[in-house]
Amino acid sequence: NVTAMLEFKLLGFSSNSYCQILLFMAVMVIYILTILENTIIILVVTLEPKLHSPMFRFLQNLSFLEVCYTTTIVPKMLFNLLAKRKSISFSGCMAQLYYFISLGATECYLLAVMAYDRFLAVCQPLQYSVVMTDESYMHLAVGSWLTGVFTGFLPCLMISRLHFCSYNLIDHYFCDISPLLKLSCSDTTVTEAVIFVLSLLVLSSCFLLTLVSYLLIILTILKIPSASGKRVTFSTCSSHLMVVTIYYGTMAFIYVRPTYNLSSDLSKAVAVLYTMITPLLNPVIYSLRNKAFKKALKKTFFR
């Protein structure tokens, strides 16, 4: 009964046509805002020389990544919400899975690197310009992208080599790891174990580095004599930490599990947080609330 699977059918959220139209409108608004916000950040950082510092260069990388990350999933999702035939080819599914894993891992590495950059700026300001040079920025940024690209190879390769029987309905809105493992008629024990260990290593190491960096930043902030300076810096760091916790927490909830027997509705609801909500919030939290960026935005707009 093992056949060469040519395509999968994505069940998405609901079969009710009215709900699908409402979902389409909501997702479309989120997607447009996400692309618009991140494109603005990329353009302003590129056009404003005062923002050509490592911090804003990292934010530019993050914005470009968010555009790619959401575009990997959302356009196909929007098409399927209105289409009668909600299908995706086997090769298209594997490509979507690879880009999703690679870009998701790259975001983890970039968030960790950005937290380290902020730690140097706040806790060691006198050494910042010496340690975080343009060359250091390039090594960290390129290293994050390359490591993310290689992180996606093994999980995607192992899943693509599994056998899929005649049943081809994916109970999700994109080709994710969990629904594909459930769909396979092969023994997925080894694949699950490898993905679990890899997810644990990536998420735990990046989250710990990010958490330690922000904890050290908060301890330094508490020593600031100025109450207003303390409040502003603490507000910025706490908002960064909140978004990072949502991203890592939801990713860990889905992928750092010994088994993937999770309710499909819960899995889809949680996946919305890290595939659509976090990319929407990141530009607001990291850039659009920053005074230097807002000043540069006004200058660029009027120019």
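The backbone N, Cα and C atoms fix where each Cβ goes, and this holds for glycine too.
Here is what TrEMBL says about this protein:
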- 37-286: domain 'G-protein coupled receptors family 1 profile' (DOMAIN)
- 21-44: transmembrane segment (TRANSMEM)
- 95-116: transmembrane segment (TRANSMEM)
- 136-157: transmembrane segment (TRANSMEM)
- 193-222: transmembrane segment (TRANSMEM)
- 234-256: transmembrane segment (TRANSMEM)
- 268-288: transmembrane segment (TRANSMEM)
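A contact between the transmembrane segment (234-256) and the transmembrane segment (95-116) is present, since 3 or more of their C-beta pairs, 6 or more residues apart, lie under 8 Å. Fewer than three CB pairs closer than 8 A are found between the transmembrane segment (21-44) and the transmembrane segment (193-222), and contact between the two stretches is not assigned (pairs 6 or more residues apart). Note on the transmembrane segment (268-288): residues 13, 27, 30-31, 33-34, 37-38, 40-41, 56, 59, 62-63, 66, 69-70, 73-74, 104, 114, 172-174, 176, 239-240, 242-243, 246-247, 250-251, 253-254, 294, 297 of its chain, located 6 or more positions outside it, place their CB under 8 angstroms from a CB of the stretch. Across the domain 'G-protein coupled receptors family 1 profile' (37-286), the model assigns an average pLDDT of 86.
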